[in-house]
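As C-alpha cells, the structure follows; a few thoughts come after it.
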Amino acid sequence: MKRPDLSVEIAGIKLRNPVMTASGTFGYGEEFAAYVNLEKIGAIITKGLSLKPKAGNPTPRIQETTGGMLNAIGLQNVGIDAFIEKKVPFLRTVNTPAIVNFFGNTVEEYAELAERLDKIPEVAGMEINISCPNVKHGGIVFGTEPKAAYSVVKAVREATIKPVIVKLSPNVTDIVEMAWACADAEADALSLINTLTGMAIDLKSRRPILANVTGGLSGPAVKPVALRMVWQVAKAVKIPVIGIGGIMSGTDALEFMLAGATAVQVGTANFLDPAASERIAAEMEQYLVNNGITDVKELIGALQV
C-alpha cells in the first residue's frame, strides 16, 4: 500500500499534513529548529505579534496544574519591526508555511498589522488573536462580543488579501454565535479554542500563585471542552475549522478531525516534548496505514452521532 495522503488545505494554504504549531508555544520557529524537522509538519504559527514590542506580565507567570498548565505570559513579543528584521529571514529558509498570529488594542491596530504583514512574501497567512480587550470601548474583550469580533475581522479582511484565520476564545456563552460573526466578516477559517481563564492559589500565603492573578488554562484538561466546541462550530459554519486544545498524540489530533477540524494545532505538548508536532504527524500517518485509510480528509467531520 502506498503512503496515505495527509495533505489538507486551509484557505488556499497547502499543508503537507494537518499538524500546525500553536501560537505562543513554538517561538518564531527558529527556536525549535534543532529539535523538530520543520519540513515534517504542516505549518508554523508564530508567537503573537503586536505593533510595538511587549514585555509581558511580571513573574511568576506559569503554573503547572493537574492535567495542564496556567500561563499569564502577557503576550510578550518583539513587535512587528523586529519581527520583519530578525525573524522573517529564518522563515525564508524553511519550506513550511508560516502563519503569523497577531493582536491589537484597537480595531485600527489590527488593521495596521494586517496591512504590514500583507506585504511580506514569507507570511502565508494570518491568525488573529481576538482574546484582547478593546481599549477604546471600556476594555470589552473583542472575542467575547459578536459585534466587536465582527469589526476586527472585517477591518483585517479589508487590509489584506492573504488568508485570515480567527482564533476564538472559549470564554463565551455561545461559541457558535462568535463563529458566525467571524464568518460573516469573511474570515477564511477559524481556530479554536484559545485558553480557558483559570487561577491557582497558594494556601500558605493565601495569595494567587500567578502575579497576574488569572491565567490561561491549556493542556489535556481542556481537551473535552475543545472537542465539543470544535464539533459545534464545524457543524455551524462553511469555512474550515482548526482544532486546538490538549492535543498530545496522533489519537487526540484525529479525534478533532472526526469532530470536524480540517487541521489541528499542537501547543502545550511542545513544552513537554519539543518534537511533539513531528511525532503527532507521524502517529496520524501510522493510524491511517494501520486502518487502511488512504486519505486523512476522509476523517474530517466523520463523527457518527
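Cβ from N, Cα, C; glycine included.
Feature annotations, courtesy of Swiss-Prot:
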- Ser23, Lys47, Gly48, Asn101, Asn129, Lys167, Ile193, Gly219, Gly245, Gly246, Gly267, Thr268: FMN binding site (BINDING)
- Lys47, Asn71, Ala72, Ile73, Gly74, Leu75, Asn129, Asn194, Thr195: substrate binding site (BINDING)
- Cys132: active site, nucleophile (ACT_SITE)
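Distribution of Swiss-Prot features across the structure.
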residue	record	Cβ within 10 Å
Ser23	FMN binding site	26
Lys47	substrate binding site	22
Gly48	FMN binding site	22
Ala72	substrate binding site	24
Gly74	substrate binding site	15
Cys132	active site, nucleophile	22
Ile193	FMN binding site	27
Thr195	substrate binding site	25
Gly245	FMN binding site	32
Gly267	FMN binding site	28
C-alpha spacing of Cys132 (active site, nucleophile) relative to Gly267 (FMN binding site), in angstrom:
19
Would you kindly give the Cα-Cα distance separating Ala72 (substrate binding site) and Gly245 (FMN binding site), rounded to the nearest Å?
17
Gly74 (substrate binding site) in three-state DSSP notation:
coil
Cα distance (Å, whole number) from Gly74 (substrate binding site) to Gly48 (FMN binding site):
10
Can you list the residues of the same chain, besides Lys47, Asn71, Ala72, Ile73, Gly74, Leu75, Asn129, Asn194, Thr195, whose Cβ falls within 8 Å of the substrate site's Cβ centroid?
Gly24, Gly48, Gly216
Cα-Cα distance linking the residue listed as 'active site, nucleophile' and Ile193 (FMN binding site), given in Å to the nearest integer:
14
Candidate nearest Lys47 (substrate binding site) in space, where candidates are the recorded positions Ser23, Asn129, Cys132 and distance is Cα-Cα:
Ser23
Sort out the sequence-distant neighbours of Asn129 (FMN binding site) for me: same chain, 6+ apart, CB within less than 8 Å of its CB, listed by position.
Ser23, Gly48, Leu75, Asn101, Phe102, Phe103, Lys167, Asn194
